[in-house]
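J.: What follows is a single structure, and I will ask about it in a moment.
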Amino acid sequence: MRENEKRRRIVGSVLLLLTSLIWGFAFVSQVQGMQSVSPMFFNAVRFTLGAVSLIPVLVVLSRLGVGRTVQSQTEDRHAGPGTLAWWSAVCGLILWAGATSQQYGIQLSMSAGHSGFVTALYIVLVPVLGFLFLHRRIHLLTVLAIIVSIVGFYLLCVTDTIHGIGVGDLVLLASALLYATHILVIDRVGSRFNPIMLSLGQYLVVSLLSWVATLALHQVDWRGALACAGALAYAGVMSVGVAYTLQVVGQRYVPPSQASMIMSLESFFSAVGGALILHETMSGRGYAGCAMIFLGTILAQIDPERLLGRLFQDDSQQKTIE
C-alpha cells in the first residue's frame, strides 16, 4: 500500500470514528429531548433540521463530484416505481417507522446506553433478514453472532424472568428490525441514485410524516422545543448533516468491512455519552449484555472466506519476501 493511500485510509478511519461518536452521543440528546416534548414532535423537528442541514452538503459534494452515479444523471424524473422520488418515499416510510419506534422506545427506557445497544441489534438482523427473504448465504460466524446477541439481549433486558422484558425494550427491538429492513432496501436500490439526493428525499418524507402525525395528535409544543433546543439541534444537524458528510467522505478511503466495524462503535459511544452526560450506570449483568451484543455485531460483519483469503495472501507474500 502506498504511503499516500495509507494516510488517506487513516484520515478516513478517523472521520468514520467521529461519525460513530456523533451518532452514539445522539442517543443522549434523544433522551434529553423526551424530558420536554413528545417523540413524534421531536422527530418532526429533528428530521426537518436534518433535511435542511443536508442541502449545503448536497451542493458542496455535488460540485466536488462525490456521490454521483451514472443513473442518477440520466434517470427518468417522472413519478413511479424505479424513480428517485418513489424510492425516497419507500425508504422514508420505513425509516419513519424505525425512527418513531426508536424514539418511543427511548421515551420508555430513558437510557442512552441501553437504547444504543438494543438498537445496535439491527447489524445482526441484517444478515438474518437477507437469508430469510433474499436467500442470501449465511455464515457460521453469523449464526454465532445471532446466538451471542440473543444472550446479550437477555442479560441486558431481562432482570429476573421473562416478564422482566420491558415494553421499551420490545419497541426498541422493533425499531432495530425496521432499521435492518431499511438497510436491505437501500442495499438493493441505493446504487441507482445519488446517495445524498436519496438521503435528502427520505429525510423529507420522514419529516413530512412526523409533522402530519404531530398535528393529528395535537402535540406541537414550541415551548418544549425551546427547552430542549440544544438536544434537537444536535440530533438534527450533527447526527444528520455533519455525521452524514463525515461518513460519505470517510467511506471513500476505507474498505466497507473496516468502515462498518468502525461505525459499530456507535453503541459503545452511546453508553459513554450516557455515563458522562446523563450519569447512567448499569449492573454487571447489564454491562455483560452490552459486551455480548457488541461482540455479536462485530462477528456478524466478518466474512470468513474473505478473512481466510486475506490471511493466505499475506502468508504467501511473506514467504515470497523470505
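Backbone N, Cα and C define each Cβ position, glycine as well.
Dumping what TrEMBL says about this protein:
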DOMAIN    12-156  domain 'EamA'
TRANSMEM  43-66  transmembrane segment
TRANSMEM  78-99  transmembrane segment
TRANSMEM  111-133  transmembrane segment
TRANSMEM  140-156  transmembrane segment
TRANSMEM  162-185  transmembrane segment
DOMAIN    168-299  domain 'EamA'
TRANSMEM  197-218  transmembrane segment
TRANSMEM  224-246  transmembrane segment
J.: Given a Cβ distance threshold of under 8 angstroms, which distant residues of the chain, six or more beyond its ends, lie next to the transmembrane segment (224-246)?
T.: 15-16, 18-19, 22-23, 25-26, 28-30, 32-33, 35-37, 41-42, 45-51, 53-54, 56-57, 61, 196, 199, 203
J.: State, in range form, which of 78-99, 162-185, 197-218 has the highest count of Cβ pairs under 8 Å to the transmembrane segment (43-66).
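T.: Stretch with maximum Cβ contacts: 197-218.
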J.: Below 8 Å between Cβ atoms, which of the listed ranges 78-99, 162-185, 197-218 makes the most pairs with the transmembrane segment (111-133)?
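T.: By Cβ pairs under 8 Å, 162-185 leads among 78-99, 162-185, 197-218.
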J.: Let's see if you can do this one: DSSP helix, strand and coil counts over the domain 'EamA' (168-299), in that order.
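T.: Across the domain 'EamA' (168-299), DSSP assigns the residues as follows: 111 helix, 0 strand, 21 coil.
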